[in-house]
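Report on one structure; see the data block that follows.
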Amino acid sequence: MSRKKTRVTGVDALAEAFDAVNHADLLERLGVDIDRDLLVLALTHRSFANENGMLPNNERLEFLGDAVLGLAVANRLYELYPSSPESDISKMRASIVSRYGLADIAREINLGEFILLGKGELLTEGRSKDSILADTTEALLGAIFRQHGYEVARDVVLTLFHHKINHASAKGIHQDWKTTLQEELAQRKKPMVEYQTTSVGPDHDLLFTAVVYLGDVEMGRGEGPNKKLAEQEAARQAFLKLREKRA
């Protein structure tokens, strides 16, 4: 009689999941080494931690990374825009370090493939969720700060966010991406897009996901705490995809 295989949990499950992926590419994209223990912690989402014996997760590192990111971006904007009032550079910073801005950076370094997620998140495409990508990016910055100090962490921020920082402007922070997309399509004599929006979660904490279609083709996908913001992000993604095709 064969015995049922015992499910690996706890630190053994953590080590097994972490070692299943080669992290060399990620570290190369970051341009810095991170100790194994810190890197494991930075990549451990609470869903994985909770499903494997309440292991430590990356939320404390995320807290640190958020502070490092905010200071590094704020100081750089202060230097780049000496004549801009506080209200403008504050809006610029908010746009750059937003969930969407962080998720963009995470996708550029293919961070999603390295995040340790629980089964529930894996089944709901957690590796592509803006919220998870953004939080893990901050956790990595927190890990870099803990190991190397502020100056190294700042340099990583300025390298990763170089384009966003140098092209920031107060104008366009609250851009209506749905209108921008509509105008771009009109110029190309393309048909209008359609939006499909769904929501999950309890009434007090709903997460909306919007998908924008051009005919039968998905052009963009966005998340947000309400339908409007989710559709705006989906429209932004669609607009960027159109621009890439034209480039």
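Cβ coordinates are placed from backbone N, Cα and C, and glycine is handled just like the others.
Since we're looking at a predicted model, the values are computed, not measured.
Sequence annotations record features per position, and here Swiss-Prot assigns domain 'RNase III' to 23-149 based on sequence analysis.
Annotated Mg(2+) binding site per Swiss-Prot: Glu62, Asp135, Glu138, in sequence order, evidence recorded as sequence analysis. All protein chains included, Asp135 (Mg(2+) binding site) registers 24 other Cβ atoms within 10 Å of its own Cβ.
A C-beta separation below 8 Å, combined with a sequence spacing of at least six in one chain, links Asp66 (active site) to Val97, Glu138, Gly142. Sequence annotations record features per position, and here Swiss-Prot assigns active site to Asp66 (among others).
Residues or ranges marked as active site in Swiss-Prot: Glu138 (among others). The secondary structure of Glu138 (Mg(2+) binding site), as reduced to three states from DSSP, is helical.
Across the range of the domain 'DRBM' (176-244), the DSSP-based residue counts are 32 helix, 23 strand, 14 coil. According to Swiss-Prot, the domain 'DRBM' annotation covers 176-244.
Listed in sequence order, the residues Asn58, Glu59, Leu61, Phe63, Gly65, Asp66, Leu102, Ala134, Thr136, Thr137, Ala139, Gly142 complete the 8 Å Cβ shell around the Mg(2+) site centroid, once Glu62, Asp135, Glu138 themselves are left out.
In this structure, the binding-site residues Glu62, Glu138 were compared by how many other Cβ atoms lie within 10 Å of their Cβ, and the smallest count belongs to Glu62.
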